Amino acid sequence: MKIQLIAVGTKMPKWVEEGFKEYKRRFPHDMPLELIEITAGKRGKNADIARILQKEGEAMLAAVPKGNRIITLDIPGKKWDTPQLAEQLESWKLDGRDVSILIGGPEGLAPACKAAADQSWSLSALTLPHPLVRVIMAESLYRAWSVTANHPYHRE
């Protein structure tokens with residue numbers, strides 16, 4: 001099973017790129033983690049945010065390979081602790097499809113992305129900086145994998 005993070009935003013700080021790459025490197029070969037960056041719409045004082053969200057959503061959905069399970073990151077989504085995320089990861093593997101996780105921009109996700117989702121996941125009730133979410137996602141998914149593989153990374 002392949003996991004894709006499809007995220008709005010490019011040109012992240014070096015520490016974000018390095019943090020993501022560190023966890024990506026740790027994933028097993030049979031479960032690669034990939035990051036696809038979507039260019040954010042130009043936001044200005046008089047920007048049409050609804051139109052920007054629509055365009056970003058179209059680009060995100062176009063990046064999802066046909067047949068993939070789509071999971072959105074959204075505050076009202078399901079909240080999973082590490083053991084629950086590990087159970088989800090196992091469930092996704094048994095489903096036999098690759099997984100695309102959509103991470104919206106500053107205003108969140110387009111309605112079309114939410115409508116296309118098989119599941120919605122709430123990483124936190126907190127508002128998190130979008131660059132940091134990439135690193136948190138990579139670490140959380142790696143930790144969940146480590147639980148399923150009885151790897152010593154996760155300790156309770």
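Just so you know, glycine gets a Cβ as well, placed from its N, Cα and C.
Swiss-Prot annotations:
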| type | residues | note |
| --- | --- | --- |
| BINDING | L73, G104, L123, S124, A125, L126, T127, L128 | S-adenosyl-L-methionine binding site |
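Positions of Swiss-Prot features highlighted on the structure.
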residue: L73; record: S-adenosyl-L-methionine binding site; Cβ within 10 Å: 24
residue: G104; record: S-adenosyl-L-methionine binding site; Cβ within 10 Å: 25
residue: L123; record: S-adenosyl-L-methionine binding site; Cβ within 10 Å: 17
residue: S124; record: S-adenosyl-L-methionine binding site; Cβ within 10 Å: 11
residue: A125; record: S-adenosyl-L-methionine binding site; Cβ within 10 Å: 8
residue: L126; record: S-adenosyl-L-methionine binding site; Cβ within 10 Å: 6
residue: T127; record: S-adenosyl-L-methionine binding site; Cβ within 10 Å: 8
residue: L128; record: S-adenosyl-L-methionine binding site; Cβ within 10 Å: 11
- Task: May I ask you to report the DSSP-based helix, strand or coil state of L73 (S-adenosyl-L-methionine binding site)?
- Result: strand
